[in-house]
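According to Swiss-Prot, the domain 'tRNA-binding' annotation covers 39-148, on the basis of sequence analysis. Taken from Swiss-Prot, the feature domain 'B5' applies to 401-476. Sequence annotations record features per position, and here Swiss-Prot assigns Mg(2+) binding site to Asp454, Asp460, Glu463, Glu464 based on sequence analysis. For 701-794, the entry in Swiss-Prot reads domain 'FDX-ACB', with the evidence type sequence analysis.
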Amino acid sequence: MKFSEQWVREWVNPAVNTEQLCDQITMLGLEVDGVEAVAGEFNGVVVGEVVECAQHPDADKLRVTKVNVGGERLLDIVCGAPNCRQGLKVACAIEGAVLPGDFKIKKTKLRGQPSEGMLCSYRELGMSEDHSGIIELPADAPVGKDFREYLILDDKEIEISLTPNRADCLSIAGVAREIGVVNQLAVTEPAINPVPVTSDEKVAINVLAPEACPRYLLRSVKNVNVNAETPVWMKEKLRRCGIRSIDPIVDITNFVLLELGQPMHAFDAAKLAQPVQVRFAADGEELVLLDGTTAKLQSNTLVIADQTGPLAMAGIFGGQASGVNAQTKDVILEAAFFAPLAITGRARQYGLHTDSSHRFERGVDFELQHKAMERATSLLVEICGGEVGEICEVVSETHLPKLNKVQLRRSKLDALLGHHIETETVTEIFHRLGLPVSYENEVWTVTSASWRFDIEIEEDLIEEIARIYGYNSIPNNAPLAHLSMREHHESDLELSRIKLALVGNDFHEAITYSFVDPKLQSILHPEQAVWILPNPISSEMSAMRVSLLTGLLGAVVYNQNRQQNRVRLFETGLRFIPDESAEFGIRQELVFAAVMTGSRLSEHWASKAEPADFFDLKGYIENLLSLTKAGPYIKFVAKEFPAFHPGQSAAIVLDGEEIGYIGQLHPMAAQKLGINGKAFACELIVDKVAERNVANAKEISKFPANKRDLALVVAENIAASDILDACREVAGSKLTQVNLFDVYQGQGVPEGHKSLAISLTIQDTEKTLEEDDINAVISVVLSELKDRFNAYLRD
């Protein structure tokens, strides 16, 4: 919003200069974007009167004038403006004057005729870009008076940027109110008295949408002179606020808009078929706007209409058919309160943005309409004359906004500000803001004002106190925080340790969205119920993920499409499983997931490129699980999953509970997802492996270790991990290590069987083991394996 400093000072005039005033406005939360002079730097320009005006003898477009500037004689001035005429009051730059751009006025001759000055246009004085003619001043302008003094041009245009909640400051009254509060000065409002009714003319009103228009006022003014001249003081105030003068009717409604913040409109009474209706548009209705464009109205658009159809978009734009023009004799003034939600977004639907819509969609004072109507009527009668009818009003008290009562606790105020403000000071600030307040039991009860739609919660009141008390008056105190060390159990396995282990194996951490494409998710989890968002960002992000793999595999596709074939990614995050027994019907689980594609090792001159396989990923996960307390008890049990290859997938099981899964992505699933080549993936619940093995010191044997290799033949459906576990169970403390180092099927091994080569390391902490001791351990192991798995030594 742009406004004139001088206009504001007519309402409230603090003893501060322009710079200090702008600082105050900014600290009030009304950020000052710019300050400009309302006119260029010039001197020597006075009010003059064209006494004579004749055609230049040698130039068709020039006129020779004699101008009275209050001196002893008339000045001869040659002028080329088309509107120069006898009797006109003008801005005259006399000899010695200096205009903007250091342009000096001297006596000269133009086409042979003497010229002792210059009649100025707005552009030549740096007041606007208007160069269509010379400035025309009122007939009562005092001849000889300094032009700067006459128009009070030692003024500044101040432009402020307002947040949407401060629509109350979209007017001179609103800005003055704020300045008055911070300077503890009373605001001097112009006298606005009821205009005497001189006509019995009434306007019939029918409000069909009271929820959208709780208050609607119309007033008839007959026999107005729409061709009257807008006073120069009004033109100047409008100009300094960035609004061009059009005609007195429009200028008056714009003036009231800027002064009080109430948008108004004027209809040509002769073009209305009463009653005037306030209703929503019917689909397909059309309205020709004042700018000549045609709007095809939508059913959610509030309109002002009569018996013939729409007259205007309510609170947005007037219609051409009912607009005021040079032939208008009788006008109907409109002032209304339109509910913000009824106007919000409607202008943008039609590619419009007007001063009225800007204010109505943010909220206008719902008690301002009568005052604005009287102000506009008074100005209209003063400038254009006319016979005034009574104000016709329809109001729905039920739908008018209710004043909020908000409580503010002393403890909350002190806590948020970090500073104690005296109770009397706080109460006084509320009174200065025009907010009724009471104080009892360390609590202020504040009633919002009709112009403040944004006072709703306790924090809003604290903001008001801080603004008016002054942010600079609140001391800078370092934040006081009562911190306590987070309890950390020695057995807790930090998530960062898991991540570092994977990073050490050439994996990269990824972060993907919790919102996923339900179509892609159904490829991986066709049987899993999912949580669909009611208002998604897009259709591709409309479901909550039930697995991290949906996002990770999408990241694989993204990288492969950019020529990255060897991809290793992992992620930790929440998955969301619909569960009626859980809070809000959804179970959130922290899980870990990893995916792997491409070669086993990075490209290197000393090694041959080999594709990664299921056992590579399984090895990485086993290495990861070895960090946990649960590691020795976790088993990989063959199991089929819909999205995995049936021969290369397994459940990760701990104490009989399935805590995750691992496998190669099914070729069909990979094809649907757009993945090239084989992809391997796993996922497991973090909480199940969140404990680590606490370091336990034990004696290191000083006696030699003995290694024995066994080649065992077992049925091919027996897991090697079961063989290794059985060895550990029966061999006792002397068995320090057992490893699988070869798997063989083929010649020499019966069909349906496989040969597992395992290495046993046997060692004692108290003596060197004899061969008999070693053989005893081997014998126990072989006996157990034969009994449990029908295993025997391969020949």
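Any Cβ shown, glycine's included, is placed from N, Cα and C.
Apart from the site residues Asp454, Asp460, Glu463, Glu464, the chain places the Cβ of Asn165, Arg452, Ile455, Glu459, Leu461, Ile462 no farther than 8 Å from the centroid of the site's Cβ atoms, the recorded Mg(2+) location.
The Cβ neighbour count for Asp454 (Mg(2+) binding site), using a 10 Å radius and every protein chain shown, is 18.
Cβ environment of Asp460 (Mg(2+) binding site): Val406, Asp454 lie under 8 Å away, each six or more residues apart in the same chain.
Of the binding-site residues Glu463, Glu464, Glu464 has the largest number of other Cβ atoms within 10 Å of its own Cβ. Asp454 (Mg(2+) binding site) falls outside any helix or strand according to DSSP and counts as coil. Residues in the domain 'tRNA-binding' (39-148) partition by DSSP class (helix H, G, I; strand E, B; coil) as 5 helix, 48 strand, 57 coil.
Under DSSP, Asp460 (Mg(2+) binding site) is assigned to a helix (H, G or I) in the three-state scheme.
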